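What follows is a short report on a single structure.
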2 protein chains.
Amino acid sequence: MKILEDRIRQDGTVLTGNVLKVDNFLNHQVDPQLMNELGQEFARRFQDAHITKILTVESSGIAPAVMAGLHLNVPVIFARKHKSLTLTDNLYTAKVYSYTKQVTNEISIDRRFLAADDRVLIIDDFLANGQAVQGLLDIAKTAQITVAGVGVVIEKRFQKGHQMVTDAGIQLEALASIASFEAGQVIFAQD
Amino acid sequence: MKILEDRIRQDGTVLTGNVLKVDNFLNHQVDPQLMNELGQEFARRFQDAHITKILTVESSGIAPAVMAGLHLNVPVIFARKHKSLTLTDNLYTAKVYSYTKQVTNEISIDRRFLAADDRVLIIDDFLANGQAVQGLLDIAKTAQITVAGVGVVIEKRFQKGHQMVTDAGIQLEALASIASFEAGQVIFAQD
């Protein structure tokens with residue numbers, strides 16, 4: 001998606017350890033007009049997927065997920081992140097390891113919000129090692145619902161999340177796909 | 001705002017301790033169409049306030065804040081919540097006590113995103129004791145920026161946050177204002 005790639009080139013910063021900092025438009029300061037355009041693009045790419053709900057994880061996934069939900073006209077559920085949970089009777093839970101923060105969190109979704117006939121779209125800001133998406137896939141499996149797609153704003157294609165999602169046979173749409181970082185520059189995948 | 005009051009009557013649950021549970025459309029499952037209408041209403045109420053940026057706190061404030069930002073055409077910054085911070089050189093920080101969770105968190109905003117001529121609108125899902133709003137007011141004071149308004153989706157007018165904001169001489173707009181809970185029912189303020 002050209003406007004997103006342009007924005008990453010203009011405002012993104014490549015840090016050591018293959019980290020792309022985009023906190024001026026995506027995950028700390030947020031550009032609502034851009035989020036709206038991302039939401040429209042997600043809706044266009046998944047328009048035939050019969051999505052009934054969108055799942056994401058707090059906090060950075062919420063803005064693009066809600067805009068996608070606006071244009072697909074479906075509810076959005078953001079999984080809550082916790083250090084650990086004691087009472088889990090009414091919750092679907094999964095463990096998510098964060099490579100960035102080097103901690104394991106539990107994520108949870110209230111059981112009331114997922115029904116067996118749901119076809120969900122998972123939306124997140126980044127797909128790198130795929131831990132957050134894997135956590136939502138685990139919850140979807142437990143809840144016996146169908147994951148009809150995964151949409152991410154930015155994927156680092158060279159990390160294992162991309163392969164994990166496509167190996168699972170799930171439609172993956174990344175609005176910007178990073179092939180590599182070279183000398184502090186972002187190299188986008190060409191297809 | 002009638003559609004919001006109707007939705008609270010229809011889908012909200014009053015729990016013990018003056019807690020209103022609205023996790024099926026606002027703060028766990030989110031209704032994007034409703035968020036869009038709330039955003040439009042915030043934009044209408046603050047259209048003459050010369051807002052340059054919106055501030056909120058992760059996670060439940062993000063959806064209404066981003067929709068307000070869309071319609072006011074300004075960036076949204078969501079403050080990050082942390083247990084505690086060690087490196088704070090580049091951050092504005094404030095302490096926020098949560099009555100619901102009975103913990104004190106630190107919230108932070110990167111200094112790069114606030115400039116002295118900013119006129120910010122603070123948006124949040126709930127205004128009860130006003131701790132989150134107070135934290136953002138503290139950050140605004142440190143950053144020497146102007147707080148031109150506070151917009152909340154739901155206020156519990158009988159708790160101290162309402163008084164705190166109006167005593168500070170700040171325009172407060174609550175899209176639904178709860179006067180009291182009586183026998184498990186929500187009583188909305190009439191003005």
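Any Cβ shown, glycine's included, is placed from N, Cα and C.
Swiss-Prot lists A:LEU20, A:ASN27, A:LYS156 with the feature xanthine binding site. In sequence order, A:SER59, A:SER60, A:ASP125 constitute the residues six or more apart from A:ASN27 (xanthine binding site) in its chain with CB-CB distances below 8 Å.
According to DSSP, A:ALA132 (5-phospho-alpha-D-ribose 1-diphosphate binding site) is assigned to a helical segment. Per Swiss-Prot, the feature 5-phospho-alpha-D-ribose 1-diphosphate binding site maps to A:ALA128, A:ASN129, A:GLY130, A:GLN131, A:ALA132; the stated evidence is sequence analysis.
For the pair formed by A:LEU20 (xanthine binding site) and A:ALA128 (5-phospho-alpha-D-ribose 1-diphosphate binding site), distance between Cα atoms is given as 11 Å, rounded to the nearest Å. Here A:LYS156 (xanthine binding site) is positioned 8 angstrom away from A:ASN129 (5-phospho-alpha-D-ribose 1-diphosphate binding site), judged by their C-alpha atoms.
Neighbour density around each Cβ, counted as other Cβ atoms within 10 Å, peaks among the binding-site residues A:LEU20, A:ALA128, A:ALA132 at A:ALA132. Within 8 A of the CB centroid of the xanthine site residues A:LEU20, A:ASN27, A:LYS156, the other residues of that chain are A:GLY12, A:VAL19, A:LYS21, A:VAL22, A:LEU26, A:ASP125, A:PHE126, A:ALA128, A:ILE154, A:ILE178.
Its own atom aside, the Cβ of A:GLY130 (5-phospho-alpha-D-ribose 1-diphosphate binding site) has 21 Cβ atoms within 10 angstroms in the protein chains shown.
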